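Peer 1: Quick one: this structure, given as structure tokens, is what I'll be asking you about.
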Amino acid sequence: MAYFMANATRENCQDECRLSPNRDAVEEDLKKIGVECTKVDFDDANVQEDLDQLIKKYNMNYHDEIHICRETMPNFDEKLKIFFEEHLHDDAELRVIKHGAGYFDVRAKDEQWIRIPVRRGDFVFLPPGIYHRFTTDRSEDVVALRLFRNNPKWTAFNRSENGDKQPIREQYLKDVSA
């Protein structure tokens, strides 16, 4: 279950970083910012049908797989640092976790971070223009299916640089305030 989180630093970002006392983020909190989460059962014989339904629902036509771990990813530490930098994209971010565990952090309307723990079978939809970041948990091993509407552009706009100036950010803010 998602929750509002305490400040995370690069040193502790792979920990839960829960507030004390804990404050869960319910489905309505995520819905308000355009985030959707569901489950995909990889042990079900119909898993491909479930994936096809997600692909159709979100009008995706391209996918790939990424394995985030020290053994398979060159410059692992640098990549994790990039993933954890607060950023946004022009396109939606859709991920299905096939193996391992990690955290997607997204900004609530009041600028607090909401942490979404993900593990095998979790599907996450982040709308275009939302500030977010990602990290693995301490296992440092995640395999994710990435779904795209077109071939990936991989353009990230960091908040500290020019993210707020992007037209997609303005559109996102309009969409979530409606």
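Note: Cβ is positioned from N, Cα and C throughout, glycine not excepted.
Sharing the features that Swiss-Prot gives for it:
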BINDING   H87, H89, E93, H132  Fe(2+) binding site
BINDING   H87, H89, E93, H132  Ni(2+) binding site
Peer 1: Long-range neighbours only, meaning 6 or more apart in sequence with Cβ under 8 Å: which ones does E93 (Fe(2+) binding site) have?
Peer 2: V124, F125, L126, H132
Peer 1: An 8 Å radius from the center of the H87, H89, E93, H132 Cβ atoms defines the neighbourhood of the Fe(2+) site; name the other residues of that chain inside it, in order.
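Peer 2: Close Cβ neighbours, site residues excluded: L88, L126, I130, Y131, R133, A156.
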Peer 1: Please list residues from the chain of H87 (Fe(2+) binding site) whose Cβ is under 8 angstroms from its Cβ, counting only those at least six apart in sequence.
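Peer 2: Non-local contacts for H87 (Fe(2+) binding site): Y131, H132, R133, A156, F157, N158, R159, G163.
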Peer 1: Measuring CB to CB from H89 (Fe(2+) binding site), give everything in the same chain under 8 Å that is also at least six residues away in sequence.
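Peer 2: Listed in sequence order, they are P128, G129, K153, T155, A156, F157, I168.
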Peer 1: Across all chains shown, how many C-beta atoms besides its own are within 10 angstroms of the C-beta of H132 (Fe(2+) binding site)?
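Peer 2: For H132 (Fe(2+) binding site), the count of other Cβ atoms within 10 Å is 23.
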